[in-house]
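Annotated features in Swiss-Prot:
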type: CARBOHYD; residues: Asn64; note: N-linked glycosylation site
type: REPEAT; residues: 122-147; note: repeat 'LRR 3'
type: CARBOHYD; residues: Asn129; note: N-linked glycosylation site
type: REPEAT; residues: 150-166; note: repeat 'LRR 4'
type: CARBOHYD; residues: Asn200; note: N-linked glycosylation site
type: CARBOHYD; residues: Asn210; note: N-linked glycosylation site
type: CARBOHYD; residues: Asn242; note: N-linked glycosylation site
type: LIPID; residues: Cys258; note: S-palmitoyl cysteine
type: LIPID; residues: Cys265; note: S-palmitoyl cysteine
type: REPEAT; residues: 283-306; note: repeat 'LRR 9'
type: CARBOHYD; residues: Asn300; note: N-linked glycosylation site
type: CARBOHYD; residues: Asn340; note: N-linked glycosylation site
type: CARBOHYD; residues: Asn474; note: N-linked glycosylation site
type: CARBOHYD; residues: Asn513; note: N-linked glycosylation site
type: CARBOHYD; residues: Asn567; note: N-linked glycosylation site
type: REPEAT; residues: 627-650; note: repeat 'LRR 21'
type: REPEAT; residues: 652-675; note: repeat 'LRR 22'
type: CARBOHYD; residues: Asn694; note: N-linked glycosylation site
type: CARBOHYD; residues: Asn731; note: N-linked glycosylation site
type: TOPO_DOM; residues: 840-1032; note: topological domain 'Cytoplasmic'
Amino acid sequence: MGFCRSALHPLSLLVQAIMLAMTLALGTLPAFLPCELQPHGLVNCNWLFLKSVPHFSMAAPRGNVTSLSLSSNRIHHLHDSDFAHLPSLRHLNLKWNCPPVGLSPMHFPCHMTIEPSTFLAVPTLEELNLSYNNIMTVPALPKSLISLSLSHTNILMLDSASLAGLHALRFLFMDGNCYYKNPCRQALEVAPGALLGLGNLTHLSLKYNNLTVVPRNLPSSLEYLLLSYNRIVKLAPEDLANLTALRVLDVGGNCRRCDHAPNPCMECPRHFPQLHPDTFSHLSRLEGLVLKDSSLSWLNASWFRGLGNLRVLDLSENFLYKCITKTKAFQGLTQLRKLNLSFNYQKRVSFAHLSLAPSFGSLVALKELDMHGIFFRSLDETTLRPLARLPMLQTLRLQMNFINQAQLGIFRAFPGLRYVDLSDNRISGASELTATMGEADGGEKVWLQPGDLAPAPVDTPSSEDFRPNCSTLNFTLDLSRNNLVTVQPEMFAQLSHLQCLRLSHNCISQAVNGSQFLPLTGLQVLDLSHNKLDLYHEHSFTELPRLEALDLSYNSQPFGMQGVGHNFSFVAHLRTLRHLSLAHNNIHSQVSQQLCSTSLRALDFSGNALGHMWAEGDLYLHFFQGLSGLIWLDLSQNRLHTLLPQTLRNLPKSLQVLRLRDNYLAFFKWWSLHFLPKLEVLDLAGNQLKALTNGSLPAGTRLRRLDVSCNSISFVAPGFFSKAKELRELNLSANALKTVDHSWFGPLASALQILDVSANPLHCACGAAFMDFLLEVQAAVPGLPSRVKCGSPGQLQGLSIFAQDLRLCLDEALSWDCFALSLLAVALGLGVPMLHHLCGWDLWYCFHLCLAWLPWRGRQSGRDEDALPYDAFVVFDKTQSAVADWVYNELRGQLEECRGRWALRLCLEERDWLPGKTLFENLWASVYGSRKTLFVLAHTDRVSGLLRASFLLAQQRLLEDRKDVVVLVILSPDGRRSRYVRLRQRLCRQSVLLWPHQPSGQRSFWAQLGMALTRDNHHFYNRNFCQGPTAE
């Protein structure tokens, strides 16, 4: 026995060595399975549902790993040796592995255990993120740590021992350890001097921790201190003592304004907050101060004394609606760049007018002013007069103020203004404002309803990625989501320098004729999406000589009016137009037969009905041919079922990008791409392609990117991509591919930069050919270890293709099949000769004797004799056109054409009755020559003529042959009221079928009807009432 063991051990070692050699010869697996190696030494293990830290193989270049991300897994225990094998690790992300109960999506209890030397074993670690984990104490940390995040944990105590020795620490984040989503019975406790030993700490964030005082003895090196949304309602100079290096201080949300709170809120106590006049006076280096949501109703000028370097001041969500008309607190803030005063409204009040305090004029360095949500109804030159003298003001936000009267010409007086946002107001047109309107501190007030304070709707998807970005232009005016019904030239008087105008989401329903924008001679970008424009005039928009981008998307209402024509000839007159969007207008007919432009480079025509237009013969076949310089064309969501070669032939030859996403294309003539010699990008995602056949990509094509994702592709012809020598990016994701073959690509495979095959049901059989190919091009396959998954066999479904090495695995099913076949062959080889020799004649006699007694043998001859020419005789009232149409188009098609080899033979009066015979002879032959008689009825209350005669013959057959051959199909819901129908439903329910009026039920109806016509009604009778007719 010992000898056998000693002999087998070297043999097993030899087998293992051979297997290892085969593995190395077949190709190299991804180094960091199941994770993915990304640029700059990052190993990404996010969202892999890991329960432990993966230990990578010795062959992996572990020394090159500088960042490891294990976010959003299920790791509950960290061992001492988990990261010791990564000697160069600098960044480690472990967030969202074991969240506290309140933050868990399913509120499951969880606790993370960290062994003492887990992080000490990584002496190079610089950044550690333990946020969103249920840990109670700060673990032991290496001295090399620079950034530490312990936010949204259950750590409620910080003392000098917690962070001892972390002299290199510069960033410490401990937000959300005690608040309404992560509740606790106490506040975060920071012992005095607990952080004093962190001599290099520059960033400290303690937001959402129920703190009532500023932690004492903070390190003097702090530059950023974030204490917002705690309960600190008193601030004095000693609270921020020694923090002379502070650059950013956030103490907002500590004494909240609850009428505007989007989450649970505690009202600020009366006569609070209390800020000492000298609270910030010693912070001479302060650049950013946040006092938002602090229930401030006035500003003390001494608060800002000594803050000569202040650049950003956030005073939003307070009660400063009157203060900003009188305050002198801004006089010394000469370096202020950004000021936020949004949502400083008086509860339930809208002021008639607002005049800013003269002290705003001293903000000579101000670049951005946010004043949305203050609620005043008129805007004129007196409103913003102090701002007109500010040379550096670039951005002014005035949205959501209920402004209904606005003099837009006042912005000409602002020398450096680049962006004005007046969206989400109630501006309805040009207005003449008087100078006697009420002021914010004592004028006319309108009480608001609660619904008026609802947030603005989120923008729907538009052509933002299509048109040029207005941020690069000199002056932009946003008037979207107002109450504009018409556009008048007077609105834009003195705005000739305006370059970008947004008028989307209004109610503009006029016919533009070339006079609406006359003053805007410098306009380059015009957004008129989500309106109701009538494009009828030939000279629309021709008053804009510099217009480059025009967005007319989502103006579908005029195009839906029957009989009204629409004129696109204005496009030819816009000599500088380069970008045009006509998307989502449901354009389908009665428009210009051709678009013409020599300057247009990009056209968005998605969301229309081009499939209907091209179905109208040659009327719109040349619709895009006049766009001689077009480069980018989007025809997505145009209900295209086919794309014929002559259609591509009539597209502009200059096209480089063609998008055909989300149509109904089931096939594509790939050879027709040679009609577009400059095409580089083709997007066919979201169609109904079943296979990539019909030839291959043509030779000489310049196609660089092809997207056929989200189709139903299950087959690709060999060599399909091989002729496209310049193809570099190919997206085959979300299809029905079971393999990926090297023969599809040929020599092109090595040149691919992106090959996306994720979300395909790959068949992970042993020796799968696609494994070797994907390993060859693994650098081009995004998410290869985690996103490329098996679809079959069942035990590997949904798992990574690397769940086991498919090149070396043993196919158990095949092994069992081979064993069974070999066993059967041996048994037959031994048994058959032996039985033949011993009792051959007896076996032959018994075989034929049993064969003669088999039941089906006796029935076969009778069945041939009783064979009938038809399976069913269909009887219906021909005078009812709807019933006749249903029979000929629906019933006949489903039973004779759609059932394949199981098709039924129907007898129809107008098709199968023999001429020359009498009506009764044909009727008799049809009833007695069919297995069933099918009555199709719209109503059952009045049955006569052929229907009545056929029913009487069927009943006669019941009496003579004792065979019930009646099957009823009732098309109207009222038909079931007949007493006969109700009685028959009770006795033989499956022979009475009701046509479903919901499409979802029609498939079941045809299945039930097929069963009723192929089986004897005797089997359908309810045995509780009767046994049904039986033959004697």
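Each residue, glycine too, has its Cβ placed from N, Cα and C.
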From recorded positions Asn210, Cys258, Cys265, Asn567, the one whose Cα lies nearest Asn340 (N-linked glycosylation site): Cys258
DSSP-derived class (H/G/I helix, E/B strand, else coil) of Cys258 (S-palmitoyl cysteine): helix
Integer Cα-Cα distance in angstrom, Asn567 (N-linked glycosylation site) to Asn513 (N-linked glycosylation site): 11
Among Asn210, Asn300, the one of these glycosylation sites whose Cβ has the fewest neighbouring Cβ atoms within 10 Å: Asn300
Positions on the same chain near the repeat 'LRR 21' (627-650), where near means CB under 8 A and six or more residues out: 466, 583-584, 595-612, 614, 621, 656-669, 671-673, 675-676, 683, 686
For Cys265 (S-palmitoyl cysteine), the one of Asn242, Cys258, Asn513, Asn694 that lies nearest, given that the recorded positions are compared by Cα: Cys258
Beyond the flanks of the repeat 'LRR 9' (283-306) by at least 6 residues, Cβ under 8 Å: 228, 240, 243-257, 260-261, 268, 272-273, 275, 277, 312-320, 322-323, 327-333, 340
Neighbourhood of Cys258 (S-palmitoyl cysteine), C-beta criterion under 8 angstroms, separation at least six: Cys265, Met266, Glu267, Cys268
Residues that sit under 8 angstroms from Asn242 (N-linked glycosylation site) by C-beta distance, when 6+ apart in the chain: Leu218, Ser220
Protein Cβ atoms within 10 Å of Asn694 (N-linked glycosylation site), excluding its own: 13
In the chain carrying Asn200 (N-linked glycosylation site), residues 6 or more apart in sequence that have Cβ under 8 angstroms from it: His167, Ala168, Leu169, Arg170, Ser221
Same-chain residues at least 6 apart in sequence whose Cβ lies under 8 Å from Asn129 (N-linked glycosylation site): Ser71, Leu92, Asn93, Leu94, Lys95, Ser149
In three-state DSSP terms, the structure that Asn64 (N-linked glycosylation site) belongs to: helix
Cβ neighbours of Asn64 (N-linked glycosylation site) where a neighbour is any other Cβ within 10 Å: 13
Residue from Asn300, Asn474, Asn513 whose C-alpha is spatially nearest that of Asn731 (N-linked glycosylation site), among the glycosylation sites: Asn474
Among Asn340, Asn474, Asn731, the one of these glycosylation sites whose Cβ has the fewest neighbouring Cβ atoms within 10 Å: Asn474
